[in-house]
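Participant: Dropping the structure in here first, questions after.
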Amino acid sequence: MFTRSDDKITSTQASIFLTDSVLGAGILTMPRAVVVAGETPDVWLSVLLGGLIVMVLIVVMVKLSQQFPEKTVFQYAGIVIGKVPAFILCWLLIIFFITIAGFEVRVLAEVTLFFLLEGTPMWATMIPFIWVSGYLLFGGLNATVRLFQLILPVSLFVLIVSYLLSIRIFEVDNLLPVLGDGLLPVFKGLKATVLIFAGFEVVMFLVAHMQHPEKAIKAMIAGISVPLAIYFFTIIFVIGGMSIDAILRSTWPTIDLLRSFEVAGLFFERLEFPFLVIWMMQLFCNFTCYFFGASLGISQLLRIKFRPVIFAMMPIIYLASVIPQDINDLFALGDIIGWSGIILFCLIPLPLSIIWLIRRKGLRQDA
Amino acid sequence: MWSKVIEYFPDWKAWMQAIVMTLIALGSYRIHGRLYKWGYNQPKQDGQQQGNSHQQGDGQPQNIAQQKVDGQQQGENQQQNDGQQPSDPWQQPQSQPSPQLTGNYDADMALIKEQLGNNSDVHFRDFRISIRNSRAVLIFVEGMQNEALINRQVMQNLMDNSFVKFEGYAMHNQSQAFAAYLKDKLLPISKISEVTDLYELEQSILFGFTALLIDGLPHALLVGEPAPKVRAINEPTSEALLRGPRIGFTEVLGENTALLRQHGRGADLELKMIEVGSRIKRNLVIAYMKEIVNKELLQEVEDRIANMNMDFISESGYVEQLIEDNWLSPFQQVQNTERPDRVISALLEGRIGILLDGTPFALIVPVTFSMLLQSPEDYYERWLPGSLLRTLRFFVAFLALMIPALYISFISFHPGLIPTELAITIIETRQGVPFPSLIEVLILEVSIEILREAGIRLPKPIGPAMGIVGGLIIGDAAVQAGIVSPILVIAVAVTAISSFAIPIYSAGITLRILRFSGMLFAATLGMFGTILFFLFICSHLTKLKSFGVPYITPASPYRFNDWKDLVLRAPVTLMKRRPSMLKPQDKKRRS
Amino acid sequence: MRRLSYLIGMMLLCSLLLTGCWSSKEIEERSVYVGMAVDLANKTTAEKQLESQGGGTQVQPLITATIQIVPLKSVGRGQQQAESGSIKKYLNVSETGNSIFEIMRNYSLKRDRAVIGHHLKVFVISTELAEKIELHKLLDFLLRDNDIRPSSMVFLSRGKAMDTLESDEPDEIPAFRIRDMVRNKFRNNKIYKEVILTNLDGYFHAKQSFILQNIAAADTGEIEFTGAGIIKGSTNKWIGDLDQENLSAISWIQGDSSGGLLKTVNDRNSIITYEILSGESKIIPKVDGERLSFHVDIKTEGRLIETWDAEETASKAFFLKEAEQKFEQKLETMLQNLMKKMQTEYKVEVAGFGDRLRITHPKVWKKVKDDWDDIFSRATVSFDISLKITDYGSSTE
């Protein structure tokens, strides 16, 4: 077939979708959240551990989704637990996606207004952002993921380069001693690190869109590994460059890290410029993922066309984003999102898998 | 609990903003959709009936075409088409059977004179054929035939007494025998054909054939072929190269197709002739490699060309605009080129070339974004310089698009993002500039655009002089007068030069247009606006398709095999496969 | 339907027109300040009178903040080049108040161009002020502000801080001079490594004592790096100074001396000088019950670069040995002087011993970190110096 009519994506594209849906505001807020929870330089271990835990959760979700080829969670939940409970659970998931989308766009607005555009009304940054995202979504999943593919390598490159240039203020002493306080703070930090991977729930509808769902596990693990690696580098470089104590006093530690040194002689001696640019693009992808997830959920649940749903979602997401009244509310919302991600996992894929396993066993015994 | 919830409930302003936002989004979607329908609905409706006619064409001009294209393969296509000609609605618009030549010399002459006699450039040369002493007339349009050939090979022979008699041709029909004799012995001309259809005859005469009408023969003879005024083959002006063939297409389709064939031996190249234009007709050739091209792609191209509906296709630009996927996009979805080598290498990648009579610009479809920044020279040079130049061009395209927007956002919004020393220099030089950066940039950008536009029309001898006056003196004077800052002059100059470095002129124009909208975005929201603009362009590019091929392949979706020929140009020895994005039948370049 | 779409189109157009350029302000309409100095303000006689009568609710002493604005407004384009040889390229403006932010905003009452802090490079605090006001209070605005980059460097000044931002040299911007002088550390280890706002953020949170480079200023507009001022962690106030040699000793302990010199006299009372090519150190904390002790291992290699002793031949091994011993003695004295200052005079620890202990004995560190300065003053520190002269330059005699 020369022109494709189905909106399927390749395994690489699915990985990138997952990467983009996890890698978002966390780059900026994660170091502080994790260090506050752990209060030890070892929190990078927590990040790794958290990533591993999330990988396990993802495998569970992929396995579940693979039982229902071509079906998203919004479609197969009904098969497993009946229409009404599934309806409620799916709505919870949709609300979750909407909240994350609102959160991301709000974080974007906060950072933009603080560092770049002091004095601009907040709606003026959020609304065009939502518009462009909606415009992209009109092209369907395929075009959306193509944009992700375009942006992600550039983002990763710029991120890594910015971090590597911060080596001039990097001090290994800040990362030592390893496990000086034992493992306990590491587990305390874990609480925060699992939260930064919130959003991996997209797996439940992503597998259905894959050309080769049988390769889903590999693709999804690869997809979550990239944000894991990036978060790992972030925490290492931020702690190394700033020390735990400075992070605890900083609202946006990652930006402060990049603002703490100047590369004389480069055309942009200030690395927060390229960093903020690619971070915004990354956040755009991140936001679009949830925008897509929420719209897809509603369109499949209520059986309406995709495009009108995009229009309907725009004001809803906007309203969701203006709910936090100040920056503390915003960070609190971030925590709530992290927790509800875990709760949702316990509410949807876990029981669904168990019920499905029991029912299948039951069927086998009957036969 | 409830008070808490109510406290967090968005206030009416937020609701208003949300509603207005959605309405605007909906509105622009509707306007976009309406525009689209407006453009597409009309041709679609009657395109259905007329579509076929373009493709099939009517017999006569296609015979001409067949004669002109010296390929063998076309034959079968043409034959099929000929068979369908009676059903063709375009041939007889009055839906009457076309009048035939009667064989009665006077009557025929009267008919022809009635049809063509009003044209001052149609000449009737009466003479007598010495052998039979019958009347004959040569009908031709002034300036379009090969006069020497007609004089020597036709007139001289026919008027010469001393010629062999046609005794051997004893046939049951006297006139038939004579006709055969004429062709076999008397007229040493390679191209000769018989016409009985009056309409066809007229068309041929007007197209430049010379018609020979002889008393007593039931049909007219078309002798010789039109010799239109031809330009010599020149080096293509819009795509000059240092290395590579210096041959460019000309205005004559036959020569252009010949140029393609001359590239080398091989029966793979297939040229398919289609006639386009509803009032004034023209020939169009679809060129492709039979064993490489994807059949579905070919079908799609043929369908779109058949669906074109225009009374006259004066240049390949019309074709381009009528067959492209999205005519609201600022990006071209069809590539135009003057270089035969470019067309051939595109064909070998599995693409399809479209050549139109009367223009030296051939079209290549489908096109991807990276092609706009590639030059044939990349392949002719060794791979390192090729890669370097290509990387440079990608960088240059970025510069041409973004410099003014970045300038505005730095100057007006983010003084904190530029290096300190640079910031101080800028402040020093910008003191006394009375305009905000947007106006300042607009002043200079617009004058550069005017200069560029004027430069095209300036006569060659004074062009460079005016360029110096415009560029150097105005720029310097503007700085001296304090209207613009010197830094901006540098920025704008770099932008202007950058857009010249893009190998495809029309792609350069696209970037020029987009640059202005980028400036507006930057003037509204600074760096954030610039990023939004960039994201918007990227979103548009990812959605755009050229004949079903995503516009930014192979950059995305990843086709790592094709990355060998994207920003870098891998050594030729490594390029073993054709681009897989075109899904060619034969994937291997080297075995 | 059609009418609706026109309406929406109009709305779109209007909204585009409405979107003015909220944050847009041309760069030349703002003043960039690259340096800032804070001093204790002298109270005017009127204020003193009011205060004596119970007026003046100022809880804190007043602060005078001086900012250095570059570049100056140029008079005219033509004249600019002709005059640039003689005029200053910067402008120092002072303002008094008791909140740094208030002071910053008061500049808007005085100047037509709003000041922006994106390009702040150096921040100088007079010790007079640092003695009275906690540093974290002075720096709080700088750490919070969104314009000021945490890469700004912080210095102390014994005299008036605003004097350090003066220069008589034409075309020189004093703030840049200070910034670039710090980079000379590779030539002289009497310069302390740059301390940026981010570092201070960490020190404040850990309540750690630290030192800041001292700058002295002369009336002629010249400045010099003269040792360092000590900020005590528990109070965040200035308590005293270390001189240049102490600072050099700190560099030795921290293994930070990659350049610089060591000067002493030999037995014949001639000056000999050692150029440091490399200097490494290792602090080894030892915990023995309640007793803390540190052992510092310093290894250095260098060149005999200058000797006033005409009698000796540098190529002779015994001469080099003797010189090495002299240098080691000198270094030992320097280190002991420093320890005396830290342990007995000021009772602070600013040489990085605590950090080492934190890494090697995290459990012990937890217990002692709250009153580390006191505990350190009771600890014993021993040094082991191995100095090696590897060459003697291009002259053998």
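Note that Cβ sites are derived from N, Cα and C of the backbone, with glycine treated the same way.
Nobody curates TrEMBL annotations by hand; they come from automatic prediction.
These came from TrEMBL, pasted as-is:
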TRANSMEM  A:12-31  transmembrane segment
TRANSMEM  A:43-64  transmembrane segment
TRANSMEM  A:76-100  transmembrane segment
TRANSMEM  A:120-138  transmembrane segment
TRANSMEM  A:150-170  transmembrane segment
TRANSMEM  A:190-208  transmembrane segment
TRANSMEM  A:220-244  transmembrane segment
TRANSMEM  A:273-294  transmembrane segment
TRANSMEM  A:306-324  transmembrane segment
TRANSMEM  A:336-358  transmembrane segment
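For each listed feature, how buried is it and what is near it?
Facilitator: Sequence-distant contacts of the transmembrane segment (A:43-64), counting only residues of its own chain at least 6 positions beyond either end whose CB sits under 8 Å from a CB of the stretch, comprise 30, 34-35, 37, 175, 179, 185-190, 192-194, 196-197, 200-201, 203-204, 207, 216-217, 220-221, 224-225, 228, 231-232, 235-236, 239, 345, 349-350, 352-353, 356.
Long-range contacts of the transmembrane segment (A:76-100) within its own chain (CB-CB distance under 8 A, at least 6 residues past either end) are made by residues 65, 67-68, 198-199, 201, 204, 290, 293-294, 297-298, 301, 313, 316-317, 320, 333, 336-337, 340-341, 344, 347-348, 351-352, 355-356, 359.
Under 8 Å from some Cβ of the transmembrane segment (A:220-244) lie the Cβ atoms of residues 14-19, 22-23, 26-27, 30-31, 34-35, 39-41, 43-44, 47-48, 51, 54-55, 58-59, 62, 152, 156, 159-160, 163, 166, 169-172, 174-175, 193, 196-197, 200, 203, 206-207, 250, 253-254, 256-257, 260-261, all in the same chain and six or more residues away from its ends.
With a cut-off of 8 Å between Cβ atoms, the residues of this chain six or more beyond the transmembrane segment (A:273-294) that come close are 17, 20-25, 27-28, 94, 97-98, 100-101, 104-105, 107-108, 111-112, 115-116, 129-130, 132-134, 136-137, 141, 144, 147-148, 151-152, 154-155, 158-159, 161-162, 199, 201-202, 205, 254-255, 258, 310, 313, 317.
Outside the transmembrane segment (A:306-324) by six or more residues, the chain places 98-99, 101-103, 105-106, 109, 122-123, 126-127, 130-131, 134, 137-138, 140, 291, 294-296, 298-299, 330, 332-333 with a CB less than 8 A from a CB of the stretch.
Sequence-distant contacts of the transmembrane segment (A:336-358) (same chain, at least 6 residues past either end, Cβ-Cβ under 8 Å): 57, 60-61, 63-64, 67, 73, 76-77, 80-81, 89, 92-93, 96, 99-100, 103, 192, 194-201, 204.
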Participant: Residue list, the transmembrane segment (A:190-208) vs rest of chain: Cβ under 8 Å, 6 or more residues beyond ends.
Facilitator: 14, 17-18, 21-22, 24, 26, 29-30, 33-34, 36-38, 43, 46-47, 49-51, 53-54, 57-58, 61-62, 64-66, 68-75, 93, 96-97, 100, 216, 220, 224, 227-228, 231, 286, 289-290, 293, 296-297, 334-335, 337-342, 344-345, 348-349
Participant: Which residues, given as numbers and ranges, are at least 6 beyond the ends of the transmembrane segment (A:12-31) yet have a Cβ under 8 Å from it?
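Facilitator: Result: 47, 103-104, 107-108, 111, 142, 145-146, 148-149, 152, 159, 192-193, 196-200, 202-203, 206-207, 209-210, 216, 219-220, 222-224, 226-227, 230-231, 234-235, 238-239, 247, 252-255, 279, 282-283, 285-290, 293, 331, 334.
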Participant: Counting only residues 6+ away from its ends, which parts of the chain sit with a Cβ under 8 Å from the transmembrane segment (A:150-170)?
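Facilitator: Result: 16, 19-20, 27, 226, 230, 233-234, 237, 240-242, 257-258, 260-261, 263, 271, 274-275, 277-279, 281-282, 284-285.
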